[in-house]
Ligand SMILES: O=c1[nH]c(=O)c2ncn([C@@H]3O[C@H](COP(=O)(O)OP(=O)(O)OP(=O)(O)O)[C@@H](O)[C@H]3O)c2[nH]1
Ligand SMILES: [Mg+2]
């Protein structure tokens, strides 16, 4: 069964497709579900997946993913508001803000929520790294300013990023669970 990933973000679809290759095909569904205002990525993803399932699921399961970048020195900002901050402040200016800090540690976190008629399952993954001046042409979002092990995520190809990333880790637990689910 194809995994129906509800998102407007092509980068997320590309990574899910690369990760799940051989296990399941990934179909992108575009539906602008409500992102509730919450500190919890689980709550945002679960609510979004339920809403998307009811609205465009047609009785078939859907997958939703919510991601946040949490900067330690900024008290976890932008966290659940990462998409809004990318659109308003922008990636370059977030770097400028973190540049003022001695502690430049940050963490990405992704929660995937899979909804069907029985309920919702969530899977999460995180990646700790450092905020640096923008480097690299790949990836999307904050990838150019997030460094892990000497490379920014934007300097990695999809497979390299998936092997270590927050989304890759969430996809790994999802894939294990989905293999049983889809039997
Ligand atoms: O450097 C990054 N590496 C990543 O791997 C990554 N994944 C998401 N993001 C960014 O974090 C925000 C989350 O927003 P988000 O999870 O709501 O996604 P989105 O709004 O882009 O798409 P949708 O799925 O909601 O339609 C958005 O600004 C995304 O660009 C990333 N940035
Ligand atoms: Mg979003």
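Counting starts with 1 at the first residue shown.
Every residue gets a Cβ built from N, Cα and C, even glycine.
Listed features, source TrEMBL:
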- 7, 8, 9, 10, 11, 12, 67, 140, 141, 142, 143, 161, 166, 167: substrate binding site (BINDING)
- 35, 66: Mg(2+) binding site (BINDING)
- 66: active site, proton acceptor (ACT_SITE)
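Feature map: annotations from TrEMBL on the structure.
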{"residue": "7", "record": "substrate binding site", "Cβ contacts under 8 Å, 6 or more apart": "13, 28, 29, 30, 64, 65"}
{"residue": "9", "record": "substrate binding site", "Cβ contacts under 8 Å, 6 or more apart": "140"}
{"residue": "11", "record": "substrate binding site", "Cβ contacts under 8 Å, 6 or more apart": "139, 140, 141"}
{"residue": "35", "record": "Mg(2+) binding site", "Cβ contacts under 8 Å, 6 or more apart": "44, 48, 66, 83"}
{"residue": "67", "record": "substrate binding site", "Cβ contacts under 8 Å, 6 or more apart": "12, 41, 82, 108, 109, 110, 111, 141, 166, 167"}
{"residue": "143", "record": "substrate binding site", "Cβ contacts under 8 Å, 6 or more apart": "136, 152, 153, 154, 161"}
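Taking the Cβ of residue 166 (substrate binding site) as centre and 10 Å as the limit, one finds 25 other Cβ atoms among all the protein chains shown. Only 7, 141, in sequence order, out of the binding-site residues 7, 11, 141 have a CB under 6 Å from ligand 1.
Of all residue pairs in 7, 8, 9, 10, 11, 12, 67, 140, 141, 142, 143, 161, 166, 167, the annotated binders of substrate, the farthest apart have Cα atoms separated by 20 Å.
The secondary structure of residue 141 (substrate binding site), as reduced to three states from DSSP, is coil rather than helix or strand. Comparing the binding-site residues 66, 141 by how many other C-beta atoms lie within 10 angstroms of each C-beta, the top residue is 66. Taken residue by residue with DSSP, residue 35 (Mg(2+) binding site) is part of neither helix nor strand, so it is coil. In the three-state DSSP classification, residue 11 (substrate binding site) falls within a helix.
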